[in-house]
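Swiss-Prot annotations:
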- 1-23: signal peptide (SIGNAL)
- 212-602: domain 'Peptidase S53' (DOMAIN)
- 267: N-linked glycosylation site (CARBOHYD)
- 288: active site, charge relay system (ACT_SITE)
- 292: active site, charge relay system (ACT_SITE)
- 405: N-linked glycosylation site (CARBOHYD)
- 503: active site, charge relay system (ACT_SITE)
- 545, 546, 580, 582: Ca(2+) binding site (BINDING)
- 576: N-linked glycosylation site (CARBOHYD)
């Protein structure tokens, strides 16, 4: 034991010596303070700061291969998900050399408050020490409109011996934030009254579904019928709340009374991370959280539902569609995912719905890839990660922010991450059509996965040379599927409202996946897990193909017909719905009866 400690000490000493003797190199750098921000003041060298380092993972390729095998319905390993955080991390742990190198570098700077967490190293220090360590210049910057302050640096450096082991250090050079994927809440139309709507629901009357969506509309439209889940069968579903939004117990009770009488009495649990709250009296916006909760309960009741409430604000590179980081608040993916991944298997929800997003180009590539990798890790634990595709159609700010100022159809993040299932939007019911704001397109960061290759190639062949140069034809295509995205009846702060957006689509589809998991668990089968390989193969016949309508965008305005944003106009830009997969509605909307039959065959 003593000998091993001596060896470790010697190694740390050597690492420290090497780290300090090799010139540091710039690891990340901004050319200027991002748009919408300005210098506020310089912190004291004694001010505290907390940073975390993402270490390079040992066998990412092997991990991704294992995940694809357990998600492929034709593979013998289908459904054999990792059962613990430790088992899942086994292939992703950094090398001992990486851990010792980075830790030694920190300790040589006098930093002692260090936490090793698998492939992350987190530490607390002071601004003065951080500046010296990273050759940085941390200052306080303030948003010019919202007056939100952030402690950031425009550049930081790492010694060469450390840089080779590191993916990123955060928070450092990134300023930023975003919005939920829904339109501004509007009061109920004159022709829709809560009591009249409730009477229609009680009578099973769905004649008003083109004007207002209720859970019964979705149950009828998506062929759920009288399927009854078992609340004790093991299926669990969750939704993520950010930006100080909290679902309300009273609103859920009123929703159940008026619009989902079969769910009366069902409640939800709340798990809080990173200072997230469960404030039932907040004057802040609660619409997104209430929407997610009410339609997950309304469609999947009585399956248990959890809200993950995560505090904090995330990271952004501003572009024209999100110039004001206070108005467009970026959710703290890292804090949320690191905590959820550590949950015990018997408590981990097998479906997590998230209705937030942003332009892919506003996210630093290293950060985006690290977060997408965390979603893959959830998939390996048997979790279906569901995201709304976005509400900017073809795009809102159709201009690159990399200095080239090219006209471009901007993909969405995390919707274009290949390890999530992205849900676009439809409208009307007889038949359904693609809704104009349903985001879709092709990632600039991720190549197209093999599981969607043939479906997307068929679409691209039909598209031909149209829009050539405005999108990446080799990128991961999204959305994967779609669901209704307009006119959802939601109770918020005691009042009936209607919401639009793919924020509506994601919880509706998530609830259907939770029902599929319920059926599989009751038949002693594993849960669905990462869905996409199954969706594009065995399940492709379980969707209603949407062939009318299309998404629009690139009209020089912010999403939902908003204010001018100064970006280029692409006349008649649109992704049209068509036979097979398309960038407006993916594979189509779910037919639960068909999907249930297909899901039970393996």
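The first residue you see is number 1, and the count goes up from there.
Glycine too: its Cβ is placed from the backbone N, Cα and C atoms.
Keep in mind that what you see is a predicted model, and the values were worked out from it rather than measured.
Shown on the structure are the features that Swiss-Prot records.
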{"residue": "267", "record": "N-linked glycosylation site", "DSSP class": "coil"}
{"residue": "288", "record": "active site, charge relay system", "DSSP class": "helix"}
{"residue": "405", "record": "N-linked glycosylation site", "DSSP class": "coil"}
{"residue": "503", "record": "active site, charge relay system", "DSSP class": "helix"}
{"residue": "545", "record": "Ca(2+) binding site", "DSSP class": "coil"}
{"residue": "576", "record": "N-linked glycosylation site", "DSSP class": "strand"}
{"residue": "582", "record": "Ca(2+) binding site", "DSSP class": "strand"}
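When the C-alpha distances from residue 292 (active site, charge relay system) to the recorded positions 405, 503, 546, 576, 582 are tabulated, the minimum falls on 503. Counting other Cβ atoms within 10 Å of each Cβ, the lowest count among the recorded positions 288, 292, 545, 582 belongs to 545. Nearest in space to residue 267 (N-linked glycosylation site), taking C-alpha to C-alpha distance over the recorded positions 288, 545, 546, 580, 582, is 288.
When the recorded positions 288, 405, 503 are ranked by how far their Cα is from the Cα of residue 576 (N-linked glycosylation site), 503 comes first.
When the Cα atoms are compared, residue 582 (Ca(2+) binding site) and residue 503 (active site, charge relay system) turn out to be 19 Å apart. Listed recorded positions near residue 503 (active site, charge relay system): 288 (candidates 288, 405, 545, 546, 580; Cα-Cα distance within 10 Å). In this structure the alpha carbons, written CA, of residue 545 (Ca(2+) binding site) and residue 405 (N-linked glycosylation site) are 36 Å apart. If you draw a 10 Å sphere around the CB of residue 503 (active site, charge relay system), it holds 30 other CB atoms from the protein chains shown.
The distance from the Cα of residue 405 (N-linked glycosylation site) to the Cα of residue 580 (Ca(2+) binding site) comes to 33 Å.
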